[in-house]
Ligand SMILES: NC(=O)C1=CN([C@@H]2O[C@H](COP(=O)(O)OP(=O)(O)OC[C@H]3O[C@@H](n4cnc5c(N)ncnc54)[C@H](OP(=O)(O)O)[C@@H]3O)[C@@H](O)[C@H]2O)C=CC1
Ligand SMILES: Nc1nc2c(ncn2[C@@H]2O[C@H](COP(=O)(O)O)[C@@H](O)[C@H]2O)c(=O)[nH]1
Ligand SMILES: [K+]
């Protein structure tokens, strides 16, 4: 990456401060771009879901890995639960979405409450593992919530035999005017496929481990028996370990990384967070394969307002990525991503992968429950250093210790993240990110993430320059 006109600004910058100019390009199509990440964690798109309780759970992990990304389970989740979630994610189908299933005697109320857990929009009614009907949201409207699904379901549903050619699936579903259908092996249900899902599966490559299972990752904190917890997570089968703390450039964090490295073998170890070359170097020397960059850019984060500490994210990523690359390692840009452009700019700055939290909170697949605010659907999100999260994390401590820890909050305890009715699923947001980044690459003349970093020419803009780039939904 170089600055336009060779003018490196004296001030640190964040994503909104910068733009990329197009280069002469020989990349003729956005489909020629390969977004496999150079960090060797196995992701085929540069999207990692942040380890936040309100966001990253089993459905998020499954859905994002199927499209080539990775979700990190938060450090607060007990090991036995992580173990169960990881084996569940590993057992998911790499192409077909997991079906929501109920029986003919289940109620419409149950179907409606489960329908928003996934974006595919159907409940499959099963008897002995065999689909006998399909229920859509439309079929549940205007009927008593206690009605049984056997009375409202569409019987003898269209089913797709597993292994059917994906363009054919798209054509069959389009021809039958249905958006989703159960997938069967023989007569037994193995999943669900949508029209969009068939399309996406031709564009995305699932992120899988050496045995072909969807990738799963989990975080470990820096307190307590770090090596013991890391070993338990490895025994649970996690494919990527993340050492997670606010201040990664502290002795305790460095020791935690050493402890994790000692037990991790060949499993990639990611550690953070830092914002300087020195912090990056110390974590790499302690054994991190990837260093996580970002102090204070997160949407739920109050650190900069509380402490004055942090660094504008574009410059933080640029400096840390340069140091990591010099040492043969990589960085993940963590926090502050609100638009596809931010992902592209993080990669241009040298990040190998980009962590997204709050933006994904407002989706069907995030971990929280859905709420209705006068017809607008939303989910609650909260920071991992908020009083709410600290309370949960310190549950085993004495009341005094918990109350004292609660005084050191550096995050928002409650925020509403509204679902975009046009893009309610996390895959809709990923489509936007991937389309944006592929396009950035062709503008820069890059076929890969490394080439985007090498070729990017970045300028600094005024607030008016940024504003000019925003679309205008209504007139002036
Ligand atoms: N990226 C970011 O900007 C930030 C991210 N977070 C997220 O919040 C979650 C909680 O992280 P964290 O607060 O590190 O909690 P942890 O429970 O992981 O513990 C942090 C440990 O570091 C010690 N510590 C020393 N200085 C600091 C400091 N300035 N801030 C925090 N801890 C410090 C703490 O001791 P003691 O409590 O005694 O001081 C404690 O032992 C994580 O998921 C983290 O990623 C939190 C803040 C900023
Ligand atoms: N200072 C705090 N940072 C937090 C908190 N919870 C999470 N985070 C960080 O934010 C990113 C995600 O950023 P987003 O803009 O995509 O939401 C996450 O990975 C953490 O590093 C918090 O309570 N305080
Ligand atoms: K912030």
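Using the three backbone atoms N, Cα and C, a Cβ is placed for every residue, glycine included.
As the structure is a computational prediction, the values presented were derived from the model and not from experiment.
The feature active site, thioimidate intermediate is assigned by TrEMBL to 301. The Cβ of residue 301 (active site, thioimidate intermediate) has 335, 383, 385, 410, 411, 412 as same-chain neighbours under 8 Å, each 6 or more residues away in sequence. According to DSSP, residue 301 (active site, thioimidate intermediate) sits within a strand segment.
Positions annotated as NADP(+) binding site by TrEMBL: 244, 245, 246, 294, 295, 296. Sequence-distant neighbours of residue 245 (NADP(+) binding site): residues of the same chain at least 6 apart with a C-beta under 8 Å from its C-beta are 221, 222, 252, 253, 256, 272, 273.
Its own atom aside, the Cβ of residue 244 (NADP(+) binding site) has 25 Cβ atoms within 10 angstroms in the protein chains shown. If you look up TrEMBL, you'll see 244, 245, 246, 294, 295, 296 marked as NAD(+) binding site.
Per TrEMBL, the feature K(+) binding site maps to 296, 298, 301. For residue 296 (NADP(+) binding site), the same-chain residues 6+ apart in sequence whose C-beta sits under 8 angstroms from its C-beta are 303, 304, 309, 310, 311, 335.
Here the domain 'CBS' (92-152) has, by DSSP, the following mix of helix, strand and coil residues: 16 helix, 19 strand, 26 coil. What TrEMBL lists as domain 'CBS' is 92-152 (among others).
Along the domain 'CBS' (153-211), the predicted structure has mean pLDDT 96. Annotated domain 'CBS' per TrEMBL: 153-211 (among others), in sequence order.
With a CB cut-off of under 6 A applied against ligand 2, the recorded positions 245, 295, 301 are reduced to 301.
Helix, strand and coil residue tallies for the domain 'CBS' (153-211), in that order: 19 helix, 18 strand, 22 coil [DSSP].
Long-range C-beta contacts of residue 295 (NADP(+) binding site), restricted to its own chain and to partners at least six residues apart, with a cutoff below 8 Å, comprise 246, 247, 273, 274, 275, 303, 304, 309, 310, 311, 316. According to DSSP, residue 296 (NADP(+) binding site) sits in a coil region rather than a helix or strand. In sequence order, 247, 248, 272, 273, 292, 298, 301, 303, 334, 335 are the same-chain residues whose CB sits within 8 A of the CB centroid of 244, 245, 246, 294, 295, 296, the residues recorded for NADP(+) being left out. Straight-line distance linking the Cα atoms of residue 298 (K(+) binding site) and residue 244 (NADP(+) binding site), rounded to a whole number, equals 14 Å.
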